[in-house]
Amino acid sequence: MRQRNKPWADDFLRENTDLIIPNANEYKNKWKDLFGNDSPIHVEIGTGKGQFIVGMARQYPHINFIGIELSKSVIVTAAQKVQESGLSNIRLIQENAENLLELFMENEVDTIYLNFSDPWPKNRHEKRRLTFRTFLERYEEVLHPSGELIFKTDNRGLFEYSLVSFSEYGLLLKEVSLDLHRDDDPENIMTEYEEKFSAKGQPIYRCKAVFN
Ligand code: SAM
């Protein structure tokens, strides 16, 4: 994701704490209180500029969406999109997904989305991939037993790696699409990266998996 330095980002974060939640670990096991309802919690990791989470929150008003994004200069763009949407079922957290267990209690999350995660193609960077075993351990902990992990990417290498990683971990693959747009899921919401790569004719891969 292209990251321009945004000198106003710090001020924006300070002024919009209702949307980009500071000290988000204080809401562990209390996210439903923050939203003020009992709707399911869906978490997107690596939210980027926010197109997916806003589209999903509009399509599913009875689901609460939380976007986790590492980059300050990227998350402020997502936050602006959320503000323009006027939707109240989205919150954002500027955090590294490594710290997921500090943010959510066991079983607190109903679905996790990984969209176009950084591929980290070098072997020595394997541990940074969001589908590496140690991340799967965290997802298993916070996901409800019936919860789903939904992963989309244009990167065939990362997709193949992730399918193996999921299977070795013991995840059950519920759906695997090797060309999501040709399979034509009318409910699919495109991310920024998805639009960019599919416009170039690249197939989009998607996997839905559950922890047994
Ligand atoms: N999901 C968006 C999309 O599909 O358009 C953005 C994809 S971009 C390739 C990956 C995003 O994940 C970047 O914005 C990056 O900052 C974020 N990211 C990477 N590693 C992360 C981590 N460990 N925790 C949270 N966000 C992360």
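Quick reminder: no glycine exception, Cβ is built from N, Cα and C everywhere.
Per TrEMBL, the listed range annotated as region 'Interaction with RNA' is 124-129 (candidates: 118-123, 124-129). Matching ASP38, ASP154, ASP179 to the substrate binding residues that TrEMBL gives (LYS122, THR191, GLU192, TYR193, GLU194) identifies ASP154. Annotated S-adenosyl-L-methionine-binding residues in TrEMBL are GLU69, ASN96, ASP118, and among GLU44, GLU140, GLU141, GLU148 the one listed with them is GLU44. Listed binding-site residues: GLU44, ASN96, THR191. Those with a CB atom under 6 Å from ligand 1: ASN96, THR191. Among the record's S-adenosyl-L-methionine binders, GLU44, GLU69, ASN96, ASP118, no two C-alpha atoms are more than 14 Å apart, and one pair sits at exactly that spread.
DSSP gives GLU69 (S-adenosyl-L-methionine binding site) a strand state. A count of other CB atoms within 10 A of each Cβ picks out GLU69 as the most crowded of the binding-site residues GLU44, GLU69.
Comparing local CB density within 10 A for the binding-site residues ASN96, THR191, the maximum falls on THR191.
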